Amino acid sequence: MVFSRRGGLGARDLLLWLLLLAAWEVGSGQLHYSIPEEAKHGTFVGRVAQDLGLELAELVPRLFRVASKTHRDLLEVNLQNGILFVNSRIDREELCQWSAECSIHLELIADRPLQVFHVEVKVKDINDNPPVFRGREQIIFIPESRLLNSRFPIEGAADADIGANALLTYTLSPSDYFSLDVEASDELSKSLWLELRKYLDREETPELHLLLTATDGGKPELQGTVELLITVLDVNDNAPLFDQAVYRVHLLETTANGTLVTTLNASDADEGVNGEVVFSFDSGISRDIQEKFKVDSSSGEIRLIDKLDYEETKSYEIQVKAVDKGSPPMSNHCKVLVKVLDVNDNAPELAVTSLYLPIREDAPLSTVIALITVSDRDSGANGQVTCSLMPHVPFKLVSTFKNYYSLVLDSALDRESLSVYELVVTARDGGSPSLWATARVSVEVADVNDNAPAFAQPEYTVFVKENNPPGCHIFTVSARDADAQENALVSYSLVERRVGERALSNYVSVHAESGKVYALQPLDHEELELLQFQVSARDAGVPPLGSNVTLQVFVLDENDNAPALLAPRVGGTIGAVSELVPRLVGAGHVVAKVRAVDADSGYNAWLSYELQPAAGGARIPFRVGLYTGEISTTRVLDEADLSRYRLLVLVKDHGEPALTATATVLVSLVESGQAPKASSRASVGVAGPEAALVDVNVYLIIAICAVSSLLVLTLLLYTALRCSVPPTEGAYVPGKPTLVCSSALGSWSNSQQRRQRVCSSEGPPKTDLMAFSPGLSPSLNTSERNEQPEANLDLSGNPRQPNPDWRYSASLRAGMHSSVHLEEAGILRAGPGGPDQQWPTVSSATPEPEAGEVSPPVGAGVNSNSWTFKYGPGNPKQSGPGELPDKFIIPGSPAIISIRQEPTNSQIDKSDFITFGKKEETKKKKKKKKGNKTQEKKEKGNSTTDNSDQ
């Protein structure tokens, strides 16, 4: 803008005021534009994007749009250049009628993030409406007797424009009789009068035709005309006169129908009929006034006949005419101004727009959820509206502009606590009494994967019988996820690990959807007592969340193993055992002992022995111990007894159903003077096919002696090497038993240790020597694994002979096959979390004092097949805590290990040997210097003797 220097200080002041005005508009947060009405389509209004500080490139992605409901189609924004333009015809008179100020209020909304801008477009009036009179002509009756300067009212024109465009000037066509007199009222309206300038003469001029022209102040000027038809009357020369030219009345918009508005008073100086006045509305009155009011023609009372509404029309201007009954009648006019007063009869209105739903439960605070617009048709305090939100919700209302509010997030959301919020927004005006309105906003909370699947308990215990069919269902795990939809879709899987040397997936599987756990193969209690593993539950969210649960599957024992007899094998099968018994032995003499084991556990492995009746019901002088299996005489044998007895011993376990095995014992009575070897040979000769066994035993003795000699040399060589080479730490650490379950809760060890069978000679294998090989722990370090084989090899690379401390004694080899004598039941717990099982216990008061006795394991964590044997009378004291027993039996196997050297001067009790009829004399041991070799040879000799006995 360029100012002339002539302007001086005035131009500077104008520039300063313009700058201050622009700064105020920017600070108010609203843009202001102005356009003339009737602008063509596409007319430029303003660069709204540039003025709002928005980039043109972000208009389309942010869905920049006009959101006003009332005037949305009048103006539009070009998203390509950000220009606000005229979209359809704008008529100021249609928008604002007679209002002096006319503006279009627009709401411009941009998403991501949500922003609201307010634009006010002022509509400028143009002179597009000419002045208009109500009719094409006005008829005026004027008596000829009227005096000069008499005035006669005429109706003016109306212009729909405002301002200068509605400022009317009137001109009257030239006339000798009348001139135009214009008066301006305080309501900015003009009253027109015809003033008589010359006496009328009806006979000379009965009618006059004048042209009244109204011209507005617009550019270009517009005009309107009306023809005035003046009829000159005779006689009645006094018109009615009102006591007031203008009547002013105020009515509440709630005024009831029939209420008296005002009473008009008019008088006529004439007498008689010429003085009677009749009231009526002017002929040019609007239809709206005729529907709202009525006037009594005789009394002049104006009454209300319809409801008023301040919001529709705030004031009424009523033209009332008083006409006398003279001939011709004379009339006069007055004006009644009715102002309608506002009453708080309109409740506020709420509109919820631009909902940003659903909202994520992890949405940040102050996130805009919705826009709320309030309005009230009342005015003043009755139209002032305040908004509020229901309490105790994580939302709040923020006033962004007059009558505009934003619903924003005030605190953190949790869909699992509440997934939908039903909000109530209340708008209340300032009237008395105040009116209010409510709007409900349903806010749905979208789920976020913030909850992992949870199991009902951290660990489950399952009991499964062994020998289950493959693929059987053993348990169902279930996890619940508090999230929704995909975030709550749980899938299950195994946490893979190894069970021994096999993968966990070889034993069990879990269905991914249902959580059912299946056993893929038959489980064997004798191989696996406890299977502990974890099942993982994972949801389908992004990122996925998961948790684990531990399953402890206890495999319950079934009676699926029959008792197995431990006896010498002939031709690969268990044959009959032949025993020689001297005649004339006393009652209770132990003839033989039937040895059997059962691979099951508990009552399924508790064996009892029964002697089957002889053929023909003959009585036999023998009996068998119910739980020991020892065959003894029931009386003193004499010459009358048979020389040979065939005894059938039935071995039966206590399972359901019970399984059995039968042992055959051939007892031959010989003279007491015969040597045991001769008796043995005689029995073998009687047996027939057993004669060849004697020769085998002879060769076996020779082989054992050779092996013993080689063992002594090996030990000497090994000792020399050990003295010359520093020992390697960890090379001789015994391995730990292989664990079925490797969890931190504790585990049960295998009841069946790994066994290695060693045969002393070629031919049919015999269980003469059982070497214990403990399973090595998988956690051994590399040096232990590398050095372990060196402990078992000599310098030549050949396997070394076993240590003499790990051999059997003759008594142990004989006693290891004996059954346990059980009298009462005790309780053995399988360790933490394991099942409680009833176990038989051992009584020290056995009826056979010479027989072997056992004590059951007591306390948690002891293997179910581990039993401590006691031999000989007197029931020796058991080893206390921290003491090592002299002998122990390998669980699940017939091997008994001697871990201590026998005392050199102690005698071996005869009850430690099972001679099956042969007496073994007591031998004294040499001193400790020569004790090892002598004892080793003696034990080998005893083994040979036992083999020959068998």
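Glycine is treated like the rest: Cβ placed from N, Cα and C.
Look at Swiss-Prot and you will find 30-697 tagged as topological domain 'Extracellular'.
The N-linked glycosylation site feature in Swiss-Prot is assigned to ASN257 (among others). The DSSP secondary structure for ASN257 (N-linked glycosylation site) is coil. The Cβ of ASN257 (N-linked glycosylation site) has LEU304, ILE305, ASP306, LYS307 as same-chain neighbours under 8 Å, each 6 or more residues away in sequence.
Its Cβ placed at the centre, ASN265 (N-linked glycosylation site) has 16 other Cβ atoms within 10 Å. The N-linked glycosylation site annotation in Swiss-Prot covers ASN265 (among others) and rests on sequence analysis.
The domain 'Cadherin 5' annotation in Swiss-Prot covers 456-565.
Residues or ranges marked as N-linked glycosylation site by Swiss-Prot: ASN548 (among others). In sequence order, VAL495, GLN534, VAL535, SER536, ALA537 constitute the residues six or more apart from ASN548 (N-linked glycosylation site) in its chain with CB-CB distances below 8 Å. ASN548 (N-linked glycosylation site) carries a strand DSSP state (E or B).
Within the model, the region '5 X 4 AA repeats of P-X-X-P' (734-894) shows a mean pLDDT value of 36, rounded to a whole number. For 734-894, the entry in Swiss-Prot reads region '5 X 4 AA repeats of P-X-X-P'.
Per Swiss-Prot, the feature region 'Disordered' maps to 752-808 (among others).
Here Swiss-Prot flags 828-856 (among others) as region 'Disordered'.
The region 'Disordered' annotation in Swiss-Prot covers 871-890 (among others).
The region 'Disordered' annotation in Swiss-Prot covers 900-950 (among others).
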Tally of residues which DSSP labels helix, strand or coil - the domain 'Cadherin 5' (456-565): 7 helix, 53 strand, 50 coil
